[in-house]
Amino acid sequence: MIVSPCCRIIRTCCVSNRGTFHSRLAALYPSYIKIPNNHARIFVTKSRKINRPSSSFIIDTKEARQRNSDSSTVSSDLDEILKDQTPSAQLRLVDAYRRGFQSSTDSGKSSNKMQMWRTIIIKTILFGVVSCFTIVFLKKTLVGTFPKFLDQNIGSFAENTDVSFSDVQGCDEVKKELVDVVEFLRNPEKFNQIGAKLPKGVLLVGPPGVGKTLLAKAVSGEAQVPFLYASGSSFDEVLVGLGASRIRQLFTTAKQNSPCLVFIDEIDSVGGNRTFSPHHPFANQTINQLLAEMDGFQSKEGIIVLGATNQAEVLDKALLRPGRFDVQIHVSPPTYEGRIALLNLYLKKVKTGSNIDIEKLAHGTVGYTGADIQNLVNQAAIAAALRNDPFVEMHHLWDARDRLIMGPAKRRPLDDQTNRVSAFHEAGHALVALLTADSIPLHKVTIIPRGEAGGLTSFLQEKDISFMTRAQLLAQLDVLMGGRVGEELVFGADKVTNGAADDFRKATILAQNMVKRFGFSSKIGPRVIPDTQDEQLGEATRDLIDKEVDQLLNDSLTRVRTLLSSQSKQHKLLAEALLHFETLTKDEVLAVLAGKMKPPKTQSVTSKSTTLLPQLGPSTSTEIPRMIVSLIIVHVVDFISFFCPFKDTLHTYTHTHKLLFS
């Protein structure tokens, strides 16, 4: 076929610099006059693939390169190349070119530009539509909200409270200190006439729940002045300068309502130590504004700032200097008398039975704050309502106390071996507490699981203890070791469980404090070693501390082994009673050890909430009259106890009988 050789020739000779065929072919086919340069290049490249050595029209590659380098030769040789071709061959040559390139455009650049401009226009339109919708949405939602967010008026919290000192119980010493503040607010002129300067600020320091906020409201109520409340966290915002702006608003409102009381709760959020980090150059604006405002108003204006915190150590020293917070008052958890007053206050708000022993409750709530006692009474009332009881009884309060300390009670496991281990473990704790002179008095012992514990042995302090002797601390160690030793003596060293893990943790902490903080080690001496300095100690000192701690723990284990080994019979008797009754008070424990309260010989692991008797019902016809007599006795005793209550033991006994036969 002649087309292929012609294509080979055109690759080297028939395409001029301008990318056009010469006049002869153009004259015959005027529609194919102009050949774009890019088409010519493609045509030439494609034609290289055709290699027909037998054709006489194929030109040597070296010669072709020479002709391509000479542009004049390329232009002048077309007629010579085509002059020997027949018209049909020339037509085939042109047709081959037409079919290869007519379907394409003259240049691909024009279509690429159109596509680019089309994409730009579409994206611009979409961006404009989304922007319009966003602007409309923000205009509708944030036009009224954002200015309010910026200009939040903290002074809008100003109010007159009706709380008085009679509503605050358990902190009489603090109230006496605050009476002076009330007098400052009531009659500031009396102090101004004599030349005395009123305090600008009073700082209330104490743990959470002791009543700092209630005391501040009581001061405002007693003085009959407006009460402006602000939380320290309300001054912290993302926007720079907003906290300082709110400080200015607060004191502007205070000056407009003077005389008044400004109360800033959790003041450590805004008044903490200033930072000098270059990463937070504006972090100190809020506290600096607070310091400036407290310097700015005069004591004659009748404005007193009360701050409350439980982290006084983190406050900036400039805030605590005289002239700002002049007075610091420490609010501690209530004492024994304070707890009695709080119990009387909150128990009056619920329906209570006749067997409430407030003094005993006060002994059992050592360390409780006012909020804790309020929660205790509320939980007891909830429990009574859930059981459809008409009154809050003493056992409701004790159950609420155990629930708050250890968590809700769980159903006892059915595994007898687990029950036996728990019984001998708790019996060991209780027996050591009874037989150790300096231990905290026993309150009750139970094998009902609560929280993560399989049982509980609780204690009641007869009085508030501010200081503890070495003998008392050693007694606490012995009581903690009683559980493990109780298991070991009965089941053997290889059969003990991990139930004493928490006891060992508490004992280790106590022994470390005795050595490192309390000075009860003769080898370490009277020195305090904080935990943060352990890495700074020498290796010999650390080893000595470890040896002293180990000595205290091992000596305690030895003492408890000796004690319980000599009381193995009493230990077993108490454990068997716990297996039957599940929960025993101190009086019941003493009765069991004295032989006055014996469990039945046939042990059955039952719940005290369902029975205190060896059998759940009559097994023979002879026991039916006995059950009827028991029912009559229960109702008679319950009727008498309503007017003249007996001891808690009798009340609990009759109550469980009533549950059995109801």
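Cβ from N, Cα, C; glycine included.
According to Swiss-Prot, the active site annotation covers Glu426, on the basis of similarity to another entry. Under the DSSP three-state reduction, Glu426 (active site) is assigned to helix.
For Thr213 (ATP binding site), the same-chain residues lying six or more positions away in sequence with a CB closer than 8 A to its CB are Phe263, Asp265, Ala308. For Gly206, Pro207, Pro208, Gly209, Val210, Gly211, Lys212, Thr213, the entry in Swiss-Prot reads ATP binding site, with the evidence type sequence analysis.
With a 10 A radius on its CB, His429 (Zn(2+) binding site) counts 27 other CB atoms from all the protein chains. Per Swiss-Prot, Zn(2+) binding site is recorded for His425, His429, Asp503.
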Those recorded positions listed as Glu426, Asp503, and which of them has the most Cβ atoms within 10 Å of its own Cβ: Glu426
Secondary structure at Pro207 (ATP binding site), reduced by DSSP to three states: coil
Cβ neighbour count within 10 Å of Lys212 (ATP binding site): 25
Secondary structure of Thr213 (ATP binding site) (DSSP, helix/strand/coil): helix
Minimum Cα separation from Gly209 (ATP binding site), reported as the residue among recorded positions His425, Glu426, His429, Asp503 that achieves it: Asp503
Candidate nearest Val210 (ATP binding site) in space, where candidates are the recorded positions His425, Glu426, His429, Asp503 and distance is Cα-Cα: Asp503
The one of Pro208, Gly209 whose CB sees the fewest other CB atoms within 10 Å, among these binding-site residues: Pro208
Close in space, distant in sequence - Gly211 (ATP binding site), Cβ under 8 Å, 6 or more apart: Val168, Gly170, Cys171, Val331, Thr369, Gly370, Ala371
Any further residue of that chain within 8 Å (Cβ to the Cβ centroid of Gly206, Pro207, Pro208, Gly209, Val210, Gly211, Lys212, Thr213) of the recorded ATP site: Ala308, Asn310, Val331, Thr369, Gly370, Ala371
